[in-house]
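The structure under discussion appears below in the form of structure tokens.
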Amino acid sequence: MGRKSSKAKEKKQKRLEERAAMDAVCAKVDAANRLGDPLEAFPVFKKYDRNGLNVSIECKRVSGLEPATVDWAFDLTKTNMQTMYEQSEWGWKDREKREEMTDDRAWYLIAWENSSIPVAFSHFRFDVECGDEVLYCYEVQLESKVRRKGLGKFLIQILQLMANSTQMKKVMLTVFKHNHGAYQFFREALQFEIDDSSPSMSGCCGEDCSYEILSRRTKFGDSQHSHTGGHCGGCCH
């Protein structure tokens, strides 16, 4: 009986430790989501004036955006990505994409030309993935006239900066394998790695999946992926 009782206590203690670890993860995500402007502490990153561009950058929750700006972001995403989605197992659905982009948890970086014309954006969230606190990048979309001028890379660097400042463990994103330009951009130019949770690594569907999950660790990320009792895709509410 003593051995059985000891094992039960060990299991209970392990559950308590896992719960405490997940509570700590969720506390960091909640703290990040309570910020008024995650970019406020980094004013130098609110301007991009290189390679012929001169844009201002702001960070807002989706609830703080004008409806016209949300419509622009959706239309740009559809223009840039609908064909890519239709070539995947996901397909393109206007309603589902709009719901994703207007979710209460959504944050946006918006790049403005002349302070009034939106030319690029990133949709991201502070969330929990596989037990880790992360900044998940859902979209980085640019108008054609501002591409290949370093702005997309600059927006991702801002995400990495904010992930570090909020003590997230990594920046994550999903990219289609057949979107060769984007895949090469993230893997080579930005040094993202295939995440342990990606289908090709986890073995859930491997080569049959049309996408990879990529990630880049912050200074708070462990050298190896660790599961702390959370589940992939989870959030703290």
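Glycine residues also receive a Cβ, built from the backbone N, Cα and C atoms like all the rest.
If you check Swiss-Prot, you get these features:
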{"type": "LIPID", "residues": "Gly2", "note": "N-myristoyl glycine"}
{"type": "DOMAIN", "residues": "63-216", "note": "domain 'N-acetyltransferase'"}
{"type": "BINDING", "residues": "Tyr85, Asp127, Val128, Glu129, Tyr138, Thr174, Ser197, Tyr211", "note": "substrate binding site"}
{"type": "SITE", "residues": "Glu139", "note": "site 'Essential for catalytic activity'"}
{"type": "BINDING", "residues": "Val140, Gln141, Leu142, Arg148, Lys149, Gly150, Leu151, Gly152, Lys153, Asn179", "note": "acetyl-CoA binding site"}
Val128, Leu142 as binding-site residues, winner by CB count within 10 A: Val128
Helix, strand or coil at Lys153 (acetyl-CoA binding site) [DSSP, three-state]: helix
Nearest of the binding-site residues (Val140, Leu142, Lys149, Leu151, Lys153) to Tyr211 (substrate binding site), judged by Cα-Cα distance: Val140
C-beta crowding around Tyr138 (substrate binding site), within 10 angstroms: 19
Spatial neighbours of Thr174 (substrate binding site) among the binding-site residues Leu142, Lys149, Leu151, Lys153 [C-alpha, 10 Å]: none
Of the binding-site residues listed as Tyr85, Asp127, Val128, Glu129, Ser197, the one whose CA lies nearest the CA of Val140 (acetyl-CoA binding site): Tyr85
Residue among binding-site residues Tyr85, Asp127, Val128, Ser197 with Cα closest to the Cα of Leu142 (acetyl-CoA binding site): Tyr85
Lys149 (acetyl-CoA binding site) and Asp127 (substrate binding site), Cα-Cα, nearest whole angstrom: 30
Minimum Cα separation from Leu151 (acetyl-CoA binding site), reported as the residue among binding-site residues Tyr85, Val128, Glu129, Tyr138 that achieves it: Tyr138
Largest CA-to-CA spread of substrate binders Tyr85, Asp127, Val128, Glu129, Tyr138, Thr174, Ser197, Tyr211, angstrom: 25
Lowest local Cβ density (other Cβ within 10 Å) among binding-site residues: Thr174, Ser197: Thr174
Inter-residue Cα distance where the pair is Glu139 (site 'Essential for catalytic activity') and Val128 (substrate binding site), in Å: 17
Where the record names Val140, Gln141, Leu142, Arg148, Lys149, Gly150, Leu151, Gly152, Lys153, Asn179 as binding acetyl-CoA, the maximum Cα to Cα distance in Å: 19
